[in-house]
Amino acid sequence: MTNSGALDTKFHALIQDQIRSEFTASQQYIAIAVFFDGADLPQLAKHFYAQALEERNHAMMLVQYLLDRDVEVEIPGIDPVCNNFTTPRDALALALDQERTVTEQISRLASVARDEGDHLGEQFMQWFLKEQVEEVAAMTTLVRIADRAGSNLFHIEDFVAREMSAAGADPTAPRAAGGAL
C-alpha cells in the first residue's frame with residue numbers, strides 16, 4: 001500500500017512533523033476554548049472550538065496528501081499545551097504566536113519542496129500559505145480588539161459574534177483524510 005522509500009525526502013519528513021504541529025494546535029485551541037468557556041465568554045469559546053476543528057482538519061489534509069502520494073503515515077503524539085492563562089488577552093496572544101509559528105513552518109515546507117524539485121508538494125503547500133495569511137491576520141485583529149477593549153470583555157465578545165462567524169467550507173481546500181469535520 002505505501003512506498004516507505006518515498007519518506008526519504010526532507011519534504012515528506014517535514015510533512016510528518018507538521019501533522020504533529022497541527023494536532024498540537026488543535027489541542028491548544030481546545031484548551032483556549034475551555035478557558036473562555038470557564039470565563040463565561042461564549043463567543044470566544046465557540047470561535048476557538050471551531051479553530052480546533054480547523055487545525056484537526058489541516059492535520060488530516062496533510063495525512064491525505066501523504067496517502068495520495070503513497071507515503072507511509074505515522075500519527076504522532078502532540079506537544080504539551082498551555083492550560084493556564086492570566087487574562088483572555090494572554091490566551092489570544094498565545095494563539096497569535098502559534099499562528100505565526102505555523103506560518104514559518106508552512107513557509108519552510110514550501111521552500112523545501114521547491115528546493116527538492118517536488119512540484120506537487122510545492123503546489124499542495126500553496127493553499128496552506130494562503131490560509132496562514134488569513135489566520136495570522138484574524139488573530140492579529142483579535143489581539144488588537146482585546147487591547148482596545150481593555151477590561152470590557154463584552155466588546156470582544158460582540159466583535160467575535162459580529163465579525164468572526166464561520167465562513168463555511170473552502171471549496172479550494174485539500175481533501176482531509178476521513179472527511180473534514
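Backbone N, Cα and C define each Cβ position, glycine as well.
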**Item:** Swiss-Prot annotation, Fe cation 2 site containing Glu55, Glu99 - matching residue among Gln123, Gln126, Gln132
**Value:** Gln132
**Message:** Among Glu22, Glu74, Glu104, which residue shares the Fe cation 1 site with Glu55, His58 according to Swiss-Prot?
**Reply:** Glu22
**Message:** Can you name every residue in this chain, apart from Glu22, Glu55, His58, with its Cβ inside 8 Å of the center of the Cβ atoms of the recorded Fe cation 1 site?
**Reply:** Ser21, Phe23, Ala25, Ser26, Glu54, Arg56, Asn57, Ala59, Met61, Leu62, Val102
**Prompt:** How many helix, strand and coil residues does the domain 'Ferritin-like diiron' (5-150) contain under DSSP?
**Reply:** 119 helix, 0 strand, 27 coil
**Message:** Long-range neighbours only, meaning 6 or more apart in sequence with Cβ under 8 Å: which ones does Glu22 (Fe cation 1 binding site) have?
**Reply:** Glu55, Arg56, His58, Ala59, Leu62, Val102
**Fill in**
If you rank the binding-site residues Glu55, Glu99 by how many other Cβ atoms lie within 10 Å of their Cβ, the lowest count goes to Glu99
**Item:** Arithmetic mean of per-residue pLDDT over the domain 'Ferritin-like diiron' (5-150)
**Value:** 96
**Prompt:** Of all the binding-site residues here, His58, Gln132, which one's CB has the most other CB atoms within 10 A?
**Reply:** His58
